[in-house]
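Undergrad: Below, the features straight out of Swiss-Prot:
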BINDING   Tyr51, Val52, Arg53, Met54, Lys55, Val98, Gln99, Leu100, Pro277, Gly278, Gly279, Val280, Gly281  substrate binding site
BINDING   Gly169, Arg170, Ser171, Ser194  NADP(+) binding site
BINDING   Thr384, Pro385, Leu386, Gly387, Glu388, Gly389, Lys390, Ser391  ATP binding site
MOD_RES   Ser176  phosphoserine
MOD_RES   Thr318  phosphothreonine
MOD_RES   Ser322  phosphoserine
REGION    2-319  region 'Methylenetetrahydrofolate dehydrogenase and cyclohydrolase'
REGION    320-946  region 'Formyltetrahydrofolate synthetase'
Amino acid sequence: MAGQVLDGKACAQQFRSNIANEIKSIQGHVPGFAPNLAIIQVGNRPDSATYVRMKRKAAEEAGIVANFIHLDESATEFEVLRYVDQLNEDPHTHGIIVQLPLPAHLDEDRITSRVLAEKDVDGFGPTNIGELNKKNGHPFFLPCTPKGIIELLHKANVTIEGSRSVVIGRSDIVGSPVAELLKSLNSTVTITHSKTRDIASYLHDADIVVVAIGQPEFVKGEWFKPRDGTSSDKKTVVIDVGTNYVADPSKKSGFKCVGDVEFNEAIKYVHLITPVPGGVGPMTVAMLMQNTLIAAKRQMEESSKPLQIPPLPLKLLTPVPSDIDISRAQQPKLINQLAQELGIYSHELELYGHYKAKISPKVIERLQTRQNGKYILVSGITPTPLGEGKSTTTMGLVQALTAHLGKPAIANVRQPSLGPTLGVKGGAAGGGYSQVIPMDEFNLHLTGDIHAIGAANNLLAAAIDTRMFHETTQKNDATFYNRLVPRKNGKRKFTPSMQRRLNRLGIQKTNPDDLTPEEINKFARLNIDPDTITIKRVVDINDRMLRQITIGQAPTEKNHTRVTGFDITVASELMAILALSKDLRDMKERIGRVVVAADVNRSPVTVEDVGCTGALTALLRDAIKPNLMQTLEGTPVLVHAGPFANISIGASSVIADRVALKLVGTEPEAKTEAGYVVTEAGFDFTMGGERFFNIKCRSSGLTPNAVVLVATVRALKSHGGAPDVKPGQPLPSAYTEENIEFVEKGAANMCKQIANIKQFGVPVVVAINKFETDTEGEIAAIRKAALEAGAFEAVTSNHWAEGGKGAIDLAKAVIEASNQPVDFHFLYDVNSSVEDKLTTIVQKMYGGAAIDILPEAQRKIDMYKEQGFGNLPICIAKTQYSLSHDATLKGVPTGFTFPIRDVRLSNGAGYLYALAAEIQTIPGLATYAGYMAVEVDDDGEIDGLF
């Protein structure tokens, strides 16, 4: 009786059906799950085209997306590798297969080896083959044909363990890997090949024979005859891998397909045998589909796992060394390693040296299905001029969360300006054992974002003054128009910005030659009133001599002079736009909306009118990408944007927050806990915190889960009647000796800040930032007052001296607070009047009785209302050293009238800002300035900066 046919076609069909069902099942709870196989074919070989069609058809049946990339025969190796690299980096591509053979001019090994092992679903890359050949190896994928052979044997209930197997053929594609698989399943394996003498002698006692020698009917049927010549006790299972075409005049094609085994004879003597075609071939394709599914599931599972961010150990010293000494004593992680720990792909990362990099905002799109992590705002009580340690607390908190409690956490902070760094303020990287490293790179230039803001701002300023010059010196409309819209190669064309201006003016024309004289005048003349220009040039250095200058004094400017001045770069509205934009499109639209002046008819003139929107966006294209750095304990920090806290929101960017919240977020069905994003707002909560909620949260659509309010014994003593604290002078003894009475009186300021936070419906944790001279009695007084005022918790934190270890209790309190319900609401309705919004902030946040709007401020308010800008949120610029407008009023002043001296528009950023006093928007340098101590040694190490 003849043996039986082992039908690979039917088995493959069952596998494809099972794969399709499993995909549908997963999609039931993960709708976005879509296994994707990329197939690269170079050239037009008919056999390759046939195999590709088979794979695409099988993918369709299995519910797998097949992305077919067909390259011309002449494609260079560089081009093919570029496609492979793109697919390697594409998170939507789970498997990659390069159809072989490739044209002769291409190196197959180099190209196939370029495929990432995690996407090498063919299983033949060096990593997967290498792991397969190790005794305890762990390949990502088994090669498809050998895997299909094993599955066929299992399907036929063939016992592999303890069997004797003979493999005829030693190729890297089938022979060698199938031998390894059989061996790993405890079969005793003999490998033979075309040069082996008397192959038939090896087959008599074989239980399993795999033939992959590539020669038509090389193995004769009679080789399987039992030694005694009978046909009894047939036990051999034959797997024929061969695919050979031999002449057959009876076929229409003139050829027929045969295997490496003489099928018609062998079936007489064996138990099972695979046919050709219809045996191993369909199983190979089915295993390709199964490997693709495995890859997609593995990626899904990896994305659902909590982030693992191994900490860097700290060697704590007493007394605590200087910040720069601590920074240099710690060897940071390579930034690409930290990015990998965060789940950032290499194509989403742009390295700037070893320890800083930019992150593509496209991370947000890739992780769009994730639920955001927990969002924590760090703010403070009304500070002394020495500061109370918000940045240090931010770093200590994330170090505690990640390095000591195993919770993924990212700190999001502003980029410091060079001006204060080289002036009197020093760096802004935190301090002690809670800081960003390398701190010199953090404080100097970083990746050049501030310089990009400066270039963009100054281009705009130059464009405004130059436009006024050209309009004034060219009186004839037609002549001016011809120069504004010149002919190139005999044709005139509006730029995109010009076309947008035409549309806003209601001129629905696209051909420059079609405009009437009236339309030409309306379009070409901006008629800027020079007295209304709000844009100043900027520089990122403290330079008091630039506060007021006269431009246009060169003879070439024909007496077109104008008094103007410089701002520090971070005071530019473009910096606020960078901080508040949700994405590149939003940034471009905001830039276009910036009002630079009014025309002679009091109508607003925008960046879009000047024609600068595209150019400014181009200059800021890279600046919109957040910068990745790390803390002393190797936890991630995103550094992005640095709007001037005096007249702007004083917070890092919306984009950085959105990126970070997705990176530490969780997939909808994941059972892991979300991580934490800890950001901060400038000055005290009454200023930075209020702006954060009413301006930044309106722009981002995000709301914090908790607020950390930083308080110090020193600051509360200042508000409780202790002598003033002055920078550069020794602290009065009241601050270094126990004085609980001062603390208890000053605690009223903290309690007012707690009440202010609670008006937004968010839980608040008070962080008592510990100093060496603080006593237990003073700290206990603060905690008691905080809890009585409604704080969720009040915790002492010693992160400056101990790093994350010193902030563990604070981190635990923040975790608990962030799990409390939030009843968030804004302080005011943006659609209420400007006057009402100002009054609400002054009364509810500052404790004032009323506002006093000076005539010039009222004139501007009326103008902004007339121009349609009355429904914007409000930013109030005032002193940071008092809840009121008067820095000498400590504690919790009440009943005062708050002056509004001026109101200005930041339409691109999306707010009005009112000034309670004259604010210097470019600082000066002191007699002794920070830059005087800076030196650089022969190795490039910077000394004296901090």
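Each residue, glycine too, has its Cβ placed from N, Cα and C.
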Undergrad: Count, for each of the binding-site residues Arg53, Lys55, Arg170, Lys390, the other C-beta atoms lying within 10 angstroms of its own C-beta, and report the residue with the smallest count.
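TA: Among the binding-site residues Arg53, Lys55, Arg170, Lys390, the sparsest Cβ neighbourhood within 10 Å belongs to Arg53.
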Undergrad: I'd like the number of other C-beta atoms within 10 A of the C-beta of Pro277 (substrate binding site), please.
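TA: Summing over all protein chains shown, Pro277 (substrate binding site) has 14 other Cβ atoms within 10 Å.
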Undergrad: Which residues, sitting 6 or more apart from Gly169 (NADP(+) binding site) on the same chain, put a CB under 8 Å from its CB?
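TA: Spatial neighbours, sequence-distant, of Gly169 (NADP(+) binding site): Gly175, His193, Val210, Val211, Ala212, Ile213, Gly214, Val241, Asp260.
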Undergrad: Using DSSP and three states only, what is Lys55 (substrate binding site)?
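TA: Where Lys55 (substrate binding site) sits, the three-state DSSP reduction gives helix.
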Undergrad: Quick one: of Gly279, Pro385, Gly387, which of the binding-site residues has the smallest count of other CB atoms within 10 A?
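TA: With the binding-site residues Gly279, Pro385, Gly387, fewest surrounding Cβ atoms within 10 Å: Pro385.
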Undergrad: Taking DSSP three-state, what's Glu388 (ATP binding site) in: helix, strand or coil?
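TA: Its secondary structure by DSSP: coil.
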Undergrad: Compile a sequence-ordered list of residues in the same chain as Ser322 (phosphoserine), six or more apart from it, whose Cβ lies below 8 A from its Cβ; state 'none' when nothing qualifies.
TA: Phe946
Undergrad: Ranked by the number of other Cβ atoms within 10 Å of their own Cβ, which of the recorded positions Ser176, Thr384 ranks first?
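TA: Answer returned by the neighbour count: Thr384.
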Undergrad: Would you find the one among the binding-site residues Gly281, Gly389 whose Cβ has the most company, meaning other Cβ atoms within 10 Å?
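TA: Top count of Cβ atoms within 10 Å goes to Gly389.
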Undergrad: Within the same chain, and leaving aside Thr384, Pro385, Leu386, Gly387, Glu388, Gly389, Lys390, Ser391, name every residue whose CB is within 8 angstroms of the centroid of the CB atoms belonging to the recorded ATP site, in sequence order.
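TA: Near the ATP site, the remaining chain residues are Gly380, Pro383, Thr712, Ala715.
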Undergrad: Other residues with Cβ within 8 Å of the Cβ centroid of Gly169, Arg170, Ser171, Ser194 at the NADP(+) site?
TA: Ile168, Val174, Gly175, His193, Ala212, Ile213, Gly214
Undergrad: How many Å separate the Cα atoms of Glu388 (ATP binding site) and Thr318 (phosphothreonine)?
TA: 21
Undergrad: What Cα-Cα separation, expressed in whole Å, is found between Gly387 (ATP binding site) and Gln99 (substrate binding site)?
TA: 64
Undergrad: By a simple count, how many Cβ atoms lie within 10 Å of the Cβ of Tyr51 (substrate binding site), its own Cβ left out?
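TA: Tyr51 (substrate binding site) is surrounded by 18 other Cβ atoms within 10 Å.
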Undergrad: In three-state terms from DSSP, label Ser176 (phosphoserine) for me.
TA: helix
Undergrad: Among the recorded positions listed here, Ser171, Thr318, whose Cβ has the fewest other Cβ atoms inside 10 Å?
TA: Thr318
Undergrad: In angstrom units, rounded to an integer, how far apart are the Cα atoms of Arg170 (NADP(+) binding site) and Gly389 (ATP binding site)?
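TA: That comes out at 68 Å between the alpha carbons.
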Undergrad: In Å, how large is the greatest distance between any two Cα atoms among Tyr51, Val52, Arg53, Met54, Lys55, Val98, Gln99, Leu100, Pro277, Gly278, Gly279, Val280, Gly281, the listed binders of substrate?
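TA: Greatest Cα separation within the listed binding residues comes to 23 Å.
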